[in-house]
Amino acid sequence: MTAPSRKDFVSLAVDESGAYTNGKQRKQSFWRKWKQLSSLQRSLILFVLVLLLISAIVMYPGLLTQWGARSDMAEGRDGGEGFLQHMALKIEDKAILPEPPSERKLFRKRGPPSLQNRSQNKENGSDAHGVVNKVLGEEDGNKSLISWRGSVVTVAKDTDHQKETQTEDLLLVASRLEAVREAFQHAWKGYKDYAWGHDELKPISKSYTEWFGLGLTLIDALDTMWILGLKNEFEEAKQWVDTHLSFEKNVDVNLFESTIRILGGLLSTYHLTGDALFLEKAKDIGSRLMPAFSTPSKIPYSDVNIGSGVAHPPRWTSDSTVAEVTTIQLEFRELSRLTGDPKYQDAVMEVMKQVHKLEGKHEGLVPMFINTNSGQFTHLGVYTLGARADSYYEYLLKQWIQGGKTETELMEDYLQAVEGVKKNLLKKSSPLGLTFVGELSHGRFSPKMDHLVCFLPGTLALGAYSGLPAEHMELAKQLMDTCYQMYTQMETGLSPEIVHFNMQPGSAQDVDVKPADRHNLLRPETIESLFYLYRFTKDKKYQTWGWEIFQNFNKYTR
């Protein structure tokens, strides 16, 4: 064996700058250190690394789910679209309406508005399958929703069977939506052909009638056309508003009706479209209604001439109804918010302050009349949630929500009124034990219930959903059943204007109807309450009840 030849040189690694790097030594340093460890030390390190790797593999999906849930909840707090699609009704602890327009937006926008992502062709058609596919696409995968109690619930991804059932349900809903659109178009065609630009259609004589001469039906229907996606009808009505609607008229109008129908219709259409035309018109009519508040008591007169600015009570009395003077606040408050002029809100909130401190209430329940000169309740001792008082209670809650739930007097008055109803007006019928709301007259209870009272289930549900006592939701469900029975127990499936409930054991039926009350005025209270109950509970029976009522309206009133 020969000895290896001896090398007469050493290797140096030199980089481009000429610096010595000793790369070989650096590459081997970690390996040398590893080899210097004992077998036990190397085994322990390998064991820890493997354990960490396995833990990461196991925990990774869970972390993704947790991060996703947090993301969904954060998106819900921020008003994210994906979250909001699964909410029945989003009511936060702040004002629920968008910010008022900037000054430049007060100038009128010209040109047709673009409807909100409506799936419609040029003839206002609808694609039921397109609607279904869109909704299914949006609802694929795990989603979060808010229950009526306010808790966040994660819904698992649908199975194939669930998705098939969901598709069938959505096709059914789409067909019903189209039926509602068709019913509106039927009624609208009659108005357009025989009453265009006038207040109301007389369908039997194919003529019209005027109340104020301001196109009440047309203004009232603007937001409905927008929601239904009826672009052609909306554009035609908008052009009438732009070119023909003028409040420069020597005509007396009712403050309450003008507020909820004209001012309210214009404001809601502005919110849906963003078209300043409607805000300009709303400001015009709102300003012309303001003289009604020029009374000694600040309780407004019922009538005002929008041309001359002269306001007055009805010819037969100096009283206004409590419902009329306390059911104009939402619209005037919103007009102040949008225009930046506080005078509208100041006027209507002065009314609420006066009513809040008045004597003559009975455990939160208010009389039906109030004098515009003295500012005091009149006709004391009669308490009802029907005509002349009903919407006072409704607007207490809705003002509280509109103002971001900060006006505690409104909430306290509402809660006290609900307790007053439960203690004094709530009874059960025989034989079915239906929960109903009667009336109190000088200490005597009457089992009389107006159809107007059917606003109450929806209002109670809205309050419970907004953070008020959960027991209000249970009462809402009971009263909703009663209002439905007022329809289904009639031969036509349509509720009369007033019913009287039987309370004696052994009664043959729960409801009696007097001959003078056997008529239906197509009032919206029951349908609105069904809308709220379905949105908050997701119980499909409320959809079914609404569909039944709609079909009966179609059968007997068109």
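Just so you know, glycine gets a Cβ as well, placed from its N, Cα and C.
Remember, predicted model here, so these are calculated numbers, not experimental data.
Residues or ranges marked as transmembrane segment in TrEMBL: 43-63. Under the heading region 'Disordered', TrEMBL lists 102-129. According to TrEMBL, the active site, proton donor annotation covers GLU257, GLU497. Marked as active site by TrEMBL: ASP390, GLU525. The annotation disulfide bond is assigned in TrEMBL to CYS454-CYS483.
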Are there any residues at least 6 positions away along the chain from CYS454 (disulfide bond) with a Cβ closer than 8 Å to its Cβ? List them or say none.
LEU479, CYS483, MET486, SER495, GLU525, THR526, SER529
Note down the number of other Cβ atoms within 10 Å of the Cβ of ASP390 (active site), including every protein chain shown.
24
Integer Cα-Cα distance in angstrom, GLU257 (active site, proton donor) to GLU497 (active site, proton donor):
20
Quick one, of the active-site residues GLU257, GLU497, GLU525, which Cβ has the fewest other Cβ within 10 Å?
GLU257
When you measure from the Cβ of CYS483 (disulfide bond), how many other Cβ atoms are you left with inside 10 Å?
26
Pairwise Cα distance for ASP390 (active site)/GLU497 (active site, proton donor) [Å, integer]:
14
